[in-house]
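TrEMBL lists Arg109, Asn295, Arg393 with the feature substrate binding site. Annotated heme binding site per TrEMBL: Cys452, in sequence order.
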Amino acid sequence: MGLLVPILLALLASLFGGFYLLGAFRKQRPGEPPLDRGPIPWLGHVLEFRRDTAKFLERMKQKHGDIFTVQLGGNYFTFLMDPSSFGAVFKEARTKLDFSAFARKLVDRVFHFNQIEHSKNQFHVTNNRHLMGDGLVLLTESTMKNFQNLMLHSIGKGGDQKTWIEDGLFMYSYNIVFRAGYLSLFGNVSLREAGSTEKSFEMDRIQSDELFTEFHKFDQYFPKLAYGVQSPRERIEIRKLLRLFWKTLSLQVVKNKENPSDWVREEQQTTERQGMKEFMQERCMFVMLWASQGNTGPAAFWLLMYLLKNPEAMAAVRREVDRVVTESGQEVRRGGPIINLTYDMIQKSLILDSALEETLRLTVAPVLTRAVMENMNLKMSDGRAYQIRQGDRISLFPYTAVQIDSEIHPDPLSFKYDRFLNPDGSKKKDFYKNGKKLRYYTMPWGAGVSMCPGRFFAMNELKQFVFFMILYFDFELKNPNEEVPDIDVKRWGFGAMQPTRDVGFRYRLRF
Ligand code: HEM
């Protein structure tokens, strides 16, 4: 009996401690946003969140309004759904709201890459230097050459050029755009290795195609990996894929390539200088491949899909593409030189820009998250203020909060290629909610410190792809009545969404 009481007390204390750690006793304090811990201790709402993030957040918004805190897998996330208040998050000092603390964990879990804080800062410099400004002009030029090799290599080679080729539009677009991006960033097979230019082009085509097949396998595991819910068999398969990417992107392999981008070369030099272990440098390269290629290919699919389903939009883009080529003094003709599609040319296509922006509005849906580094006061645009606790996270899901809000974008689920154009043909930037002009009216690239540094390069790649498709190919849906497929809800939160199924199409060279 003498021992029983202390044992019982100890048991009770550890039970209590366990529940405390599981977040079972957390209560909404005065001044805090509404708190919804969810049905399962510690896990909270994570199952419903993972099943369909957009639907879950809409349900929470209906229940609690435009700010609320939910428990997801042991962490508390405050979701802010009012776009007029987004500035409060993006302008907050890094000492209070930190992007990298959260991103680091994800990158570690998915890619086994541990970032060094200093290299992260240097990475920002590298991004700005080589993915924007003059660096971007060089990169755009090498991307054009790679698109030409991948898409137009058989022109003028004889044989039956005019046969229709059937494919899935998603796989076709993802494949071509991935390979052009990969070759432009990580370099081409060198002349030394291949023996001739022709052979090096061919090796680029074959090797990049093989790499895409493996990348696509990894990509399909990505949502499970991000949530850490793979089966043991999947873990083994993923490990195998990772090893392949690490080997393919190793220092030695990339150093032997011709013309790797300055973006990749500078990052390699930085990490080497900082004494990062070689195996970690390889992992860093795969993170860069993932960041640069995981979204652009799927976006290319949606863009072509919407153009194919909207003849008026396709005709307007086609007219613009033809005008830009004519103004450059070039002409697409049988036996003539392949169009030299320069950086300047693709900056002159405002209709295509708008169609692209509209595509991204409808199909890119990241969850943007910041770690709360110290207790803070979050001020909303209407004057309300909320206390947010240190250790929590603040998240935004602009897809429902902004991109498909019918007040900001009337008829929000329809594709309107000219939604981002003013009547005079200039870029439209004025969008309103509650009578207030919005700074953030579509956010496929995120915002603030972590805003996608590759956005200009990605837009250029997508436009180059459309230019070459329109200039050199006839292409059509196999079934003209085919509907635009649904979005696969498993990928909410990770950037560009993917379709639930592929769509049959056919294409053939026009010349
Ligand atoms: C359609 C294509 C793309 C989309 C929709 C996209 C979207 C995004 C988004 C939403 C983020 C911010 C994530 C956050 O704040 O949590 C991001 C970050 C990033 N993106 Fe992109 N991206 C695309 C293409 C690219 C390309 C082509 C590159 C490189 C060449 C690139 C490089 C990066 C990098 C390095 C980051 C991390 C930035 C940081 O850590 O501060 N992206 N991207």
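Using N, Cα and C of the backbone, Cβ positions are placed for all residues, glycine too.
With a cut-off of 8 Å between CB atoms and residues at least 6 apart in sequence, the same chain places Asn75, Tyr76, Phe77, Thr78, Phe102, Thr369, Arg370, Ala371, Val372 near Arg393 (substrate binding site), listed in sequence order. Of all the binding-site residues listed (Arg109, Asn295, Cys452), Asn295 sits in the most crowded Cβ setting, with the most other Cβ atoms within 10 Å. With a cut-off of 6 Å between Cβ and the nearest atom of ligand 1, the binding-site residues Arg109, Arg393, Cys452 reduce to Cys452. Taking every pair among Arg109, Asn295, Arg393, the residues recorded as binding substrate, the greatest CA to CA distance is 25 Å. In the three-state DSSP reading, Asn295 (substrate binding site) counts as coil.
A separation of roughly 21 Å, to the nearest angstrom, links the Cα atoms of Cys452 (heme binding site) and Arg109 (substrate binding site).
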